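Novice: Structure in structure tokens, see below.
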Amino acid sequence: MSKRSTEELETFVASKAPFGKPDQNDELLEREESIGEFEDPWEDEFESESEDIIEDTEAASDNENAMEIEESADQVYLPGQELGKDEFLEADQSVYEMLHSLNVKWPCLSFDILHDSLGEERKMYPATAYIVAGTQADKPKNNELIVMKMSQLHKTQNDDDSDKDSDSDDGILDENPILESKNLKHYGGTNRVRIMPQRNCYIAATWAETGKVHIWDLAPVINSLDTPGRQISQKAQKPLYTVESHSTEGFAMDWSGTVAGRLITGDMHTNIYLTTKAQSTFTADRIPFVGHTSSVEDLQWSPVEKSVFASASADQTICIWDIRSKKKAALSVKAHEADVNVITWNRKVEYLLASGADDGVISIWDLRTFMNNRTSPTPVATFKWHSAPITSIEWSPIEESVFAASGSDDQISIWDLSVEHDPEENSHKIIRKGGIEVPSQLLFIHQGQNDIKEIHWHPQIPGCMISTAASGFNVFKTISV
């Protein structure tokens, strides 16, 4: 992952209006530290959102396929097409079940979603989500770790289930989204933040640009958000532990889902270190895992094997490691022709791994083909839709065949591998215009944000996604997933 430059931050600051002041509709409920405000999803800010790209063509008869596909292409914008002099983009709200935007004081490179006690597989509205994010401010001392509670996230699509008391014909509910936040001082920008995945555990790790990894207990912060008037003690505002094994900064980090308190972190000097929880504190190893020849960009623990994790590097390889051997990776595969920026391990199908590279290529790997270092396995699927580096990728926690990816081309793409490509049905499944071909597995393209850095599926709200970009956060759920 690449950070935003000083020039980009200066442009961001110059372009933003003053913060911390709720608008006339009280769309922001301020508690302590105001970080921004929700925007009305029907205002002009979302004129650059995408529309569903694969619609209406399957209903065409065999004799009218060509004509109707051409008409559909005239109505639907595909990234890469040039707009006419008087043309502009407008979001098709009918393809979003929910769509909200949040402006921020400082852009965030990374965030994670906190598991809450509100229930699993929630489908009722309004929705509530808790997230933790780290800022990239203009000066190291201005950075913060922000814990946010976003509530009253209402459905923005009009249907029969909409609130009958709503006086709006377009189906937007009367309630306004509410943002409550608590901020912790964090010296240096946050390159990545990750939450320990175990239930009822609010332990977070932050990769600071200072080269240190901080571990935090966010339980007191969550309690202060949920209990009006409760203060956060001075002790709770400081890290539980700081990992100082690294000699430089990094971006790669992951908590184990099978062993609580087990953390791996990778830096730009090729080193990967293991940190483990020991009773009431943590212990950081000083001996690294050695094998990559360039920056370690991403790390992922196996969803089933307690001692196994995967790494992605700018040396174009993906490695599989066993923590019992630090001198050499168990398996190493050249995965891309460019830096491998991100990887994601499927939690539903343990042998599937997806990767995204600097050249915009996404590859899907069957780890059963990673037999030994002498073979060169090929991906089971490769997609070249994005025109810029892949910045984030993640499998759906609900649907085993669905994943999403974000790119520096300001797109979030949602894919379903269960959709098979049928050449005989190309006229129904694919829209072509200006040389652009839409893969059958591509379900949806979300746009409207600038410089998207990270995406996550909400683990308890099926189909809900949250993304962070220079222009703020989006919280949305499409009709496609």
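Using the three backbone atoms N, Cα and C, a Cβ is placed for every residue, glycine included.
Found this in TrEMBL, in case it helps:
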| type | residues | note |
| --- | --- | --- |
| REGION | 1-52 | region 'Disordered' |
| COMPBIAS | 25-52 | compositional bias 'Acidic residues' |
| DOMAIN | 86-154 | domain 'Histone-binding protein RBBP4-like N-terminal' |
| REGION | 154-175 | region 'Disordered' |
| COMPBIAS | 159-173 | compositional bias 'Acidic residues' |
| REPEAT | 289-331 | repeat 'WD' |
| REPEAT | 333-375 | repeat 'WD' |
| REPEAT | 383-418 | repeat 'WD' |
Novice: Return the average pLDDT for the repeat 'WD' (289-331) as a whole number.
Specialist: 97
Novice: Which bits of the chain, at least 6 residues beyond where the repeat 'WD' (383-418) starts or stops, bring a Cβ under 8 A of a Cβ in it?
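Specialist: Residues packing against the repeat 'WD' (383-418) from afar: 1-2, 50, 79-80, 121, 339, 341-349, 352, 354-364, 439, 441-447, 449-457, 459, 462-463, 465, 467, 469, 478, 480-481.
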Novice: Would you mind splitting the repeat 'WD' (383-418) into helix, strand and coil residue counts from DSSP?
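Specialist: Its residues fall into 0 helix, 19 strand, 17 coil.
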Novice: Give me the DSSP three-state residue breakdown of the repeat 'WD' (333-375), ordered helix, strand, coil.
Specialist: 3 helix, 19 strand, 21 coil
